[in-house]
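Feature annotation from Swiss-Prot assigns ATP binding site to VAL14, PHE15, HIS19, ALA20, GLY21, HIS22, ASP100.
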Amino acid sequence: MGSDRKIRVVVGGVFDIIHAGHVHFLKMAKELGDELIVIVAHDETVKKRKGRPPINPAEDRAEVLKAIRYVDDVVIGKPGEISLDLIKRLKPDVIALGPDQDFDCEDLKRKLKSIGLNVEVIRLPYLYKKDRAKTSKIIERITEIFCD
């Protein structure tokens, strides 16, 4: 008999103001396996990486993500860079990176291998209109429309 184990896909990100680009990304990631787990960046991590706090706190971002049909579970990450301990606990078969995430796939694979994980790391392409599928662009448009 074959294994009944589901293929687990893990993605991570800020997911601050959810837009169609996020939904397309999550849909494509879900198509890589049976189960999709999202790691939401901790508020401190967002502030450090982007130079500003997120618009929405991690708990709210997680709640919105849980409502998206492609997402099976959501975990809030720890402050700082990617937690290899958290990834080890989640036991992914695949990690899907977004097109704008600045991780090197091969470097990430090496780090995962060093802790005993043989995980496929895949970079997904932009699936939606690049100029409309970025939170920073949405914030710019909001300030242009409402702050003039």
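Every residue gets a Cβ built from N, Cα and C, even glycine.
Residue pairs drawn from VAL14, PHE15, HIS19, ALA20, GLY21, HIS22, ASP100, the listed ATP binders, are separated by up to 15 Å at the Cα level.
For the binding-site residues given as HIS19, HIS22, the lowest number of other CB atoms within 10 Å of the residue's CB is seen at HIS19.
Every protein chain shown contributes to the tally, and the Cβ of VAL14 (ATP binding site) ends up with 22 other Cβ atoms within 10 Å. Sparsest Cβ environment among the binding-site residues GLY21, ASP100 (other Cβ atoms counted within 10 Å): ASP100. For PHE15 (ATP binding site), the Cβ neighbour count at a 10 Å cut-off comes to 27, with all displayed protein chains included.
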